[in-house]
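Shown next, in structure tokens, is the structure this report addresses.
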Amino acid sequence: MPPKAREPLPPGDAAKGEKIFKGRAAQCHTGAKGGANGVGPNLFGIVNRHSGTVEGFAYSKANADSGVVWTPEVLDVYLENPKKFMPGTKMSFAGIKKPQERADLIAYLENLK
């Protein structure tokens with residue numbers, strides 16, 4: 001049986017997403033143009049970027065070799081459970097279970113360009 005189709009995310013609120021970013025991602029990631037990598041890579045321009053391509057960041061083999069393009073739809077699945085989506089990733093984040101919070105964070109990430 002094919003997997004059940006995923007429900008599309010509700011519309012996201014970038015202002016709420018910024019708060020989520022600051023509370024859950026900023027300890028490991030930056031989102032500023034030209035910003036330094038931290039424990040995780042700089043997320044400026046993440047939406048529609050190929051995984052494993054931020055210069056100067058040492059990615060896990062799983063991430064570097066994944067071939068993933070970070071579309072909003074892919075980010076939705078990844079952010080729900082990073083380790084399930086990409087076994088072997090270095091990202092230790094447990095994930096965001098609430099669809100609205102993922103939608104808000106993705107709306108914020110879409111503005112980082």
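Count begins at 1; order follows the chain as displayed.
Positions of Cβ are set from backbone N, Cα and C atoms, glycine also.
For reference, Swiss-Prot has these:
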- Pro2: N,N-dimethylproline (MOD_RES)
- Lys4: N6,N6,N6-trimethyllysine (MOD_RES)
- Cys28, His29, Met91: heme c binding site (BINDING)
- Lys83: N6,N6,N6-trimethyllysine (MOD_RES)
Let me know the most crowded of the binding-site residues, choosing from Cys28, Met91 and counting other Cβ atoms within 10 Å.
Met91
State the three-class DSSP label for Lys83 (N6,N6,N6-trimethyllysine), counting H, G and I as helix, E and B as strand, and everything else as coil.
helix
Residues with Cβ closer than 8 Å to the Cβ of Lys83 (N6,N6,N6-trimethyllysine), same chain and 6+ apart in sequence?
Thr89, Met91
Under 8 Å by Cβ from His29 (heme c binding site), same chain, sequence gap 6 or more:
Phe21, Gly38, Val39, Gly40, Pro41, Asn42, Leu43
CB-centroid shell, 8 A cutoff, heme c site Cys28, His29, Met91, site residues removed:
Ala25, Gln27, Gly38, Val39, Gly40, Pro41, Phe93
Let me know the largest Cα to Cα distance in Å among the heme c-binding residues Cys28, His29, Met91, as an integer.
11
